[in-house]
Amino acid sequence: MCCWLAIKETCRLLFCCLNLCAPHSLVFSCTFNCHFFLISLSNLGSFVSPSLSVCMTNCPTLIVTVGLPARGKTYISKKLTRYLNWIGVPTKEFNVGQYRRECLKIYKSFEFFRPDNEEGLKIRRQCALSALNDVRQYLSVEGGQVAVFDATNTTRDRRRTIIMFAEQNGYKVFFVESVCEDPEVIAQNIVQVKLGNPDYIDCNSDEAIKDFMKRIKCYESSYQPLDEVLDRDLSYIKIMDVGRRYLVNRVVDHVQSRIVYYLMNIHITPRSIYLCRHGESDLNIKGRIGGDSGLSDRGKEFAKRLRNFLQEQNIKNLKVWTSQMKRTIQTAEILGVSYEQWKSLNEIDAGVCEEMMYEEIQERYPLEFALRDQDKYRYRYPKGESYEDLVQRLEPVIMELERQENVLVICHQAVLRCVLAYFLDKTADELPYLKCPLHTVLKLTPVAYGCEVESFCLSVDAVNTQRDRPEVGVTSSTQTFDLTAFLPCDPQLSQEAPSHCIHRNHDNK
């Protein structure tokens, strides 16, 4: 009886709170129907029983690529995975071709992909199911939020199998179809990507291209594109001729809208992105973080050398972006070119710790200092920002960088770390410890499945503002990743670069 009265009183208080925002007639009705309200709550669990395959609003999403070979599906899959992880959505890519290569250690020829090759069809079907089992493990057990199922998926039967799998497990499905009829783009994709494919590791270029073109023909005979009428109930985006046109159908949630937004911003036009920090500032010399001080004499010298460097590079239609802080603006002014100021590129806000030395922070705010060491990515300065906040602030900048061609971004240490983490696919744990020294220019050139990185040290001395990961009490095995490890002006060496990055280093004197 006491328990019932307590529940009833809880309901009364709940509806009193609703009275602040709901119509009086509604609250009156609810208040005098507590018994009905409680019964409805008790029946809610049976209403959303898993046996009914109800897809919840916040359920995981399965992204499924569709398209013939050499249409950029894996390129899209990898970029989407990188972007979603960067904005904090746990995402993993599942490439069915890799499952097939693990199953068949030796690739013979395009004959394996013929539609009348029963053994080949059986093996490919088994590989797809094996990949889907791993998708289920990732989304339902490991806590993933998005899985990218990267395969051709060119037949309606195969897509129907994937849809049934998703319905049985309570996942939403979003298809991404890449359609391209431009022979130049297809040929370029084959040369850039497929010739490095493990299937053709022992073939010469001409033989590999000939075999791969025949493989494409095998898929063309059974290809069933997404259809505006037959597939009108599906959620999808169709990308035509690498972004010249798009067709978007039934976007049903926030994640899908972010996917569409992102895919409509990327392009494959060759370009380079130059990144550097401002020249050394007066507060840098004093060892103080944040603030809005001007350049030191050495910082001004760096800006002059940066101007010479850009002239030597002879970059076509270069755009220059800065933050709205003095030290980046002064650096750009010395270049003698037009530039754009972005508030989004301002340095991380250190709140009450602005213009303090790390030793002062440790002395005045020992708890805050310790908390930041425990989780530097998510820690937020009192009245300030965290790296996680900064990533959200920088998303529009990333979108514009994806849309642009040649750009120089003059920014700050924390901002540069966030931008690099996106392009180099670094985790949230690694991001806050990326080494980004002063007076060094990084040139990023997007390539097939990653980014080529070149480092240019302009040989102007500067203070070291890097604070490495504390060793005491840290259980993470992640090491600090130093982008300029092989520069002559940087005596420290770091771990080997990841496979998707190509490092070239230069010493400009």
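Glycine residues also receive a Cβ, built from the backbone N, Cα and C atoms like all the rest.
Listed features, source TrEMBL:
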- 56-270: domain '6-phosphofructo-2-kinase' (DOMAIN)
- Arg277, His278, Gly279, Glu280, Ser281, Asp282, Leu283, Asn284, Arg327: substrate binding site (BINDING)
- His278: active site, tele-phosphohistidine intermediate (ACT_SITE)
- Glu347: active site, proton donor/acceptor (ACT_SITE)
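Averaged over the domain '6-phosphofructo-2-kinase' (56-270), the predicted model has a pLDDT of 93. Annotation note: Arg327 (substrate binding site) sits in a helical segment as assigned by DSSP.
The Cβ centroid of Arg277, His278, Gly279, Glu280, Ser281, Asp282, Leu283, Asn284, Arg327 marks the substrate site; residues of that chain outside this set whose Cβ lies within 8 Å of it are Ser293, Gly294, Leu295, Ser296, Gly299, Leu438, given in sequence order. Just so you know, the Cβ of Ser281 (substrate binding site) picks up 29 other Cβ atoms within 10 Å once every protein chain is counted. Fewest other C-beta atoms within 10 Å: among the recorded positions Arg277, His278, Leu283, Arg327, Glu347, that description fits Leu283.
Taking every pair among Arg277, His278, Gly279, Glu280, Ser281, Asp282, Leu283, Asn284, Arg327, the residues recorded as binding substrate, the greatest CA to CA distance is 14 Å.
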